[in-house]
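Trainee: Let me give you the structure first, and then I'll get to my questions.
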Amino acid sequence: MATQQEISEIRQHSGVGFVQTQLATLFEPPHSLKLAGGGELGPIQVAYETYGELTPAKDNAIFICHALTGDAHAAGYYEQDDEKAKPGWWDDLIGPGRALDTDKYFVICANVLGGCQGTTGPESKNPETDHSYRLDFPFITVGDIVEVHSALTKHLGIDQLLAVIGGSLGGMQVLDWAARFPDQVRGAICLATAAQLSAQGIAFNAVGRRAIKTDPEYKEGKYEKGAGPRYGLALARMIAHITYLSDQSIEMKFGRRLQDQDTFQYEMLPEVEFQVESYLHYQGKRFVERFDANSYLYLTKAMDYFDLASQYGSLTKALGKTDARFLIASYDSDWLFTTTQSKELVRALIECGKHVSFIELKSPFGHDSFLIEIEQLQKMITPFLEQAYQTRLAESAKKS
Amino acid sequence: MCAQHRYCMQDPSLEVTDKLLLEQIQPGSRVLDLGCGDGRLLARLRDERDASVLGIEIDITQHHASIARGVPVLQADLDEGLQDIPDGAFDYVVLSQTLQQVLHPKQLLEEMVRVAKQALVVVPNFGNWRIRLQVLKQGRAPVTEVLPYEWYNTPNLHLMSMHDFQDLMRLLGIEILQEIPIINHRAVEKAWLANLRAQHVLYILQRLEESSTKTESDNLLHSS
């Protein structure tokens, strides 16, 4: 058994090693952020992490957009982590020699607006009232999220990103970024995503929100920090979690196996009889410990509203202005964000003559694949970024 | 790949074909390459012809190789058609040494003239005298330099002579703008006894207008 000291040593030297979350305060009044749904918000605090070094030419920055319940901690460990703590959520992809090679690139990941992991959201204190915003928090959209992240990159002195990359809701942000700030993005990597959430996706989000709102502890959103709709939020997560898996992955992982005994109990009250039940309960429980119910409501709603084609008139109008190179990947077992949806993007991009690569990756893990199948991503992203970077270097060499 | 007692080698025509294709493509065009492999041809078209390019490739390793050349590439199965490519999105669509390997060559050709103004197709010529001679002399399915496979492991599902190809074009209402036989690794614009001598042929195709398409195929139906 390794000692705490030894574990700490290993962590310091693996991947990006120890990291720290940083905070930036943006949109201080009178420069408040004008929100798509009306109203203004400011100041906005943004929690972010960076890995690697920004070149003097500031041409090697890659922005990672996290998914619905992700956070800024994409890689490495915190020094204060206990030995059971896991590294950042995309650690295998980020670090020296990995796809997002921190020897070459400057990688940024920030928590989203409306989130609850350090960036201003419903849980944050409203400077006007000195209380948490809760439901007084304004309505936010994927576009608002991107506005804040774009402002963060400006704050870091970066005018143009070598690439923006993300899966699921993160992929929606990548698309929005390319449409909203066509000159800021050189490469756009969209994984397991779509230009709009399917009706089925909206339906699952609606059930999740219903679970939260009907929990007696929800109290119209005015629950105290640490309290709140624990059961409703856990239920929302359990439902969502099923949509992230595939029939095959559930079957492989749990099958019909029972948790603690070999035979049925023939009792209604125990809720954890099958292994899959136990797993979902565990996921729900863990989620409640780290996520705010109001944030969940705001972010799922932002996801439901996202519709690139209707926002700009058509997908070709939305994506026609950027010269970014696109890399679009879907997963064959993902039924929440399907290959057909990715192909809609591809079709639009071809129609407006853009540089687009597409691949349908094979994986049994459903929508979650983009978090799991790192090797596949590595093989595809490494040459894509390399090319984007070489092209950029060649261009600046030509200019000077 | 090929039987030990018969001589065969890596197809040396690839270089010739690439060069030939490159010559046919106007600078600044939009080009789609079906079965683009590692993106070799497209990278050249981009660099030497200032073309805006896109490849389609099914093999994942080749797909990555294309990306590594900075060539945009879609992973897709040509047997499932080109439904993700909008009508008329390209000036040229290239299909080199692949038509004989797809399940539905007829449908693919129709799709090709739908997505591009011109289709450039390179196919092996089954009417070549060596093949004819081999079949005649040995009474076996032929194995040649150009078609170096045994009958049981060949990826070539559809073999055709120049006459066969011309017949299909008439049936589909596709106009053959140019027919360039490749004989002993050289493109020969006007070949004597082409169907007997050509190992490969490059066809430059374009769709006939709607009305004439109909009459053409009607005529063919009536005559047969």
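Counting starts with 1 at the first residue shown.
Placement of Cβ uses the backbone N, Cα and C atoms for every residue, glycine included.
Unlike curated entries, TrEMBL annotations are predicted automatically.
Sharing the record's features from TrEMBL:
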DOMAIN    A:61-371  domain 'AB hydrolase-1'
ACT_SITE  A:Ser168  active site, nucleophile
BINDING   A:Arg237, A:Asp368  substrate binding site
ACT_SITE  A:Asp334  active site
ACT_SITE  A:His367  active site
Trainee: Take the C-alpha atoms of A:Arg237 (substrate binding site) and A:His367 (active site) and report the distance between them in angstrom, rounded.
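Mentor: Checking the Cα atoms of A:Arg237 (substrate binding site) and A:His367 (active site) gives a distance of 15 Å.
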Trainee: If you count Cβ atoms within 10 Å of the Cβ of A:His367 (active site), leaving out that atom itself, what do you get?
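Mentor: Total other Cβ atoms inside 10 Å, all chains included: 27.
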Trainee: At 10 angstroms around each C-beta, which of the recorded positions A:Ser168, A:Asp334, A:Asp368 has the fewest other C-beta atoms nearby?
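Mentor: Counting other Cβ atoms within 10 Å of each of the recorded positions A:Ser168, A:Asp334, A:Asp368, the minimum falls on A:Asp368.
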Trainee: Helix, strand or coil: which one is A:Asp334 (active site) in, per DSSP?
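Mentor: Where A:Asp334 (active site) sits, the three-state DSSP reduction gives coil.
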Trainee: DSSP on A:Arg237 (substrate binding site), three-state: which is it?
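Mentor: Looking at the DSSP assignment, A:Arg237 (substrate binding site) belongs to a helix.
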Trainee: What is the Cβ neighbour count of A:Arg237 (substrate binding site) at a 10 Å cut-off, with all protein chains included?
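Mentor: So the Cβ neighbour count for A:Arg237 (substrate binding site) comes to 23.
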Trainee: Using C-alpha positions only, work out which of the recorded positions A:Ser168, A:His367, A:Asp368 is nearest to A:Asp334 (active site).
Mentor: A:His367
Trainee: About how far apart, in whole Å, are the alpha carbons (Cα) of A:Asp368 (substrate binding site) and A:Ser168 (active site, nucleophile)?
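Mentor: Cα-Cα, rounded: 9 Å.
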